[in-house]
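Right, one structure below, let's go through it.
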């Protein structure tokens, strides 16, 4: 019986070489070699792994196992373990490793034994929690089903949507726990609580006048519907908007809760939470993106030879996995085809395509400029004429005037991406790059549209004439301007949700019915619509940016966004399965996931700008809100610091001073440059090692060719066989 396995027959040249002493064998004097050298040999590990089928191997190698076991179990002077060779790296069976572990425990001290036991218990508990959380993951089965039917690119969109649902839910928990709940409890005197309201000092009386247009007396039903859509009327005086939180402090028995400070710190908290979570997920996806893009040939090998999960026992799961691998291979082949096409372009073709791209980008800039100007004019018209419509009590006209900015923004968000999607077909990019470029262009449309809207509002809120000097803002048009901004964000969020539902019900499903039951050539040429990943991603990134900006002005906006995205998931899933078709050009999920998060991070960074301006520069409303006694919302921070002890005040002011900030910035830059240089050095070392591996593999192939030629020419293969056997069994530590 051979040590290569039961019933395995060795080739004749190996048997002949063994009889002549030209072949390395475990039963020879080499067994006395050091254990470390023998354990590096792949033949040694293979033989031990198969010792259950080859009983004579255990006897031949028993002395070597004894040496290794003795070295492993040898007690140390401090009573600890011998940590030179980790137990899991030894080529022993589970029973032998367990015996070795028990021997280590026998010689270990009580402290080491407790530390080992607690560490194992903690790791096991973490593993169980991780497995349980994976089974309890939201929409786990639905997303796996989508991945199998439509590929990993579309699956990445639904995973991204799930992430936003969880993020908004955590934002809602923060705002509700630290802002809404204390305000409601103190206003209603629950749990022996009370609230304190201090009238603003050194403020003109007319600046403190705020009479919300709440519904009083008998009103028509459509009035409630209008208020529900616009955030005015009965909604304006609820916990949904900034104006409700007109509290300076909440008292719970003898404990004072500083609501203005909590309001500001919670705003910073949800922004920091979003930033850290997005960065964490971006790093994970970027690492996977680098691995997938490192070597396409290696990716093919991994998918073909190691892509299948042999733990799958369900037939449906097997079909989904099969389709997922098929889409991934199609994506790789499509990328290789495009790379080959780009490499074969002539100079004339390159000049043509570059000229066409420049012309298309000029058209894109013109479309963007038209969108921005339309939004600015619509916002100014809406703010100037909404009060006129209210006085005339014309319900439809008032609703249209108030929703005019939202209608124009949504129209621009719908028309501009359609133009960009049509133009990008002529630019001849890859499927993945088409999505990225379309996303970037649509980001400028959607997010810049929100910026133009806010700029239009602030240009009217913060005016420079004599009317605004007394209060710092236009108190006649905006007595509580924070609630007005919150209402605009609320209308954008609601209107965007209504458009998504309307497009699914009145465009996607009728198109599906026409294509299915109408045999006209024009209808069949029109066909089913593909699931546009870039458009759908921009929809939710646009809504999330609105939520980040509007949460400061409407603390419960994350709850609305959570419900909105939860419903959108099922709407998009039903639309995808019943009315859409898979993309004709598959895309890679790893690059999509990373780029989606990168665009979302851009939206978050852009949200910092209007929030920073509102908190630090624009005067806070004197008639409503927790900051009515301060010039700006940020003024609560230095006011709170003045209540600290003198030593702590000096320390905080020292940290905020330029004397500390400049050296800290320089040191941070030095550390950043150091880690960048270190990463570059590691990358160069990895490239050198990869080149070395490729060179060694070529050398070995060259040697094999030479040995084959020597065998054919000499007719005496014994010497070649000797060289071959010694080369095959040399240590692989160089590789």
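Each residue, glycine too, has its Cβ placed from N, Cα and C.
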Practice task
Given the candidates 385, 631, specify the residue that Swiss-Prot annotates with N-linked glycosylation site.
Solution key: 385
Problem - Check: residue 620 and residue 690 same membrane side, Swiss-Prot record - result: yes
Completion exercise
transmembrane segment per Swiss-Prot, picked from 528-548, 549-569, 570-590, is residues 549-569
Exercise for the section: Please work out which recorded stretch in 165-185, 259-279, 404-424, 595-615 has the most C-beta pairs separated by under 8 angstroms from the transmembrane segment (635-655)? Expected result: 259-279
Practice task
Could you please provide the mean pLDDT value for the topological domain 'Extracellular' (570-594)?
Solution key: 74
Exercise for the section: Could you tell me whether the transmembrane segment (165-185) and the transmembrane segment (259-279) are in contact, taking contact to mean 3+ Cβ pairs under 8 Å with a sequence separation of 6 or more? Expected result: yes
Problem - Proximal but sequence-remote residues of the same chain as residue 385 (N-linked glycosylation site) (Cβ under 8 Å, at least 6 apart) - result: 401
Handout entry: Among 489-509, 549-569, 659-679, stretch most in contact with the transmembrane segment (165-185) (C-beta, under 8 angstroms)
Key = 549-569
Handout entry: In contact by Cβ distance (the transmembrane segment (234-254), the transmembrane segment (549-569); 3 or more pairs under 8 Å)
Key = yes
Completion exercise
Outside the topological domain 'Cytoplasmic' (510-548), at least 6 residues beyond either end, the same-chain residues with a Cβ under 8 Å of its Cβ set are 150, 153-154, 156-157, 160-161, 164, 167-168, 171, 271, 274, 413, 417, 421, 434-435, 438-439, 442-443, 446-447, 450, 489, 492-493, 496-497, 500, 557-558, 561, 564-565, 568, 572, 576, 578-584, 587, 592, 596, 599-600, 603-604, 606-607, 611
